[in-house]
Amino acid sequence: MNITATLISLAAAASLLIVEAQSPAGTAIPLSLKPNHKRNFRAAIAKLAHRYPQLNLESHHAFLPPGTPINHGARDKGTGSGKVPLVDVSTDSEYYGTVQVGTPGQAIRLDFDTGSSDIWFPTSDCKTKACKAHRQFNAKKSTTYKKDGRHWEIGYGDGSSASGILASDIVNVGGIKVRQTIGLATNESAQFASSPEDGLFGLGFNTIESVKGVKTFLDNAISSKAIAQPLVSVFLPSVRRNGGKGGNYLFGAIDKTRFTGSLKYVPVTRKGYWQIHISNAKYNKKALKQASEGIIDTGTTLIIVGDAAAKAIHKNIKGAVDASNDPNIGGWTVPCSLAKTSKDNVAFTMGGKDFQVPVADLAWSPLDSTGKDCYSGIQGGQDGLWILGDVFIKNNYCVFEQSASPRIGIAPLKY
């Protein structure tokens, strides 16, 4: 999950035909909702810090040391596409889907992540507490397992780490079967024990693979013609808007029933993450004169922008407070009542079109049991490379197209 990038050409985009399927092929598994998992703002910032250590977000959002009392109240070829239903965890905090690994398939719950490229999860040889808290892949039970032997390791800014060996096996994603290099963790640090998912399914470009030369699932699915189109479409559900039901990742097809109007394609400016240019931020159509490079990241919960942009946005919200330097809070807060009362919108301009996020979704997580003030779904701390996470994606259908000239198609979600 390290940021690397290379400049790409956009010349071939006009010649590529992408078909939007009214009823895309694929298989679906009934989605379950995890209603009892609690949102945790500090955990969300910590997750960002270990995903992007160079952002130094934890130093920007000042928190007391751990343990300090807090004073704020208590495919086989030919199918063409495959669909993976999602579990919405902790009221839109994160989402995961189940894939089958090996032959016969072993069900592994993975966080599909456009902000990284590795696929990894624990092996049955791992004896740490974190590994035992999750489903572990048993290589001995798979007839298609192949050893690789190369060492694999990932470390994060918060001190957490995972390591093990590389191997390859059949990875089945909604009916699309590809032989894929996978990271099998033989060691995971304690921080991973509380994660609801078993591991990670990276959807970024192969330039940010932890081990040089490893191809991503999308690379292999495209080259083997296992998918009809070189893309993955993302529909993240919203508990506020539809009860958190029906979300999915759709590989190789576009579900036109999930969005309004037509997709606006925005060119990827640098490969690594899915990086694009954000030409402005707006509040109720009023331009705030804020612009930046940014990434659309399914593995990040919140929207993280620069400090000036965060201030310009929250300036329009009555009751918003910048408590980033308060060790009891550590970020922007807004009235929780916005979730039910606000009709306002924040918008981000990409490719000449505005894509909205309801201010109601900025009332993200209550500070305490009073339910008066909430952590905001938009936070500052990142100048130069904004992150449009799930707060943005659950309002906008996103198509990540890995063609010769990569681009992202975006349109307002239809619930």
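Just so you know, glycine gets a Cβ as well, placed from its N, Cα and C.
Of the cysteines listed (CYS131, CYS336), TrEMBL assigns CYS336 as the disulfide partner of CYS374. Of all the active-site residues listed here (ASP113, ASP297), the one with the fewest other CB atoms within 10 A of its own CB is ASP113. For CYS126 (disulfide bond), the same-chain residues lying six or more positions away in sequence with a CB closer than 8 A to its CB are LYS132, GLN136, GLY164, ALA185, THR186, ASN187, GLU188.
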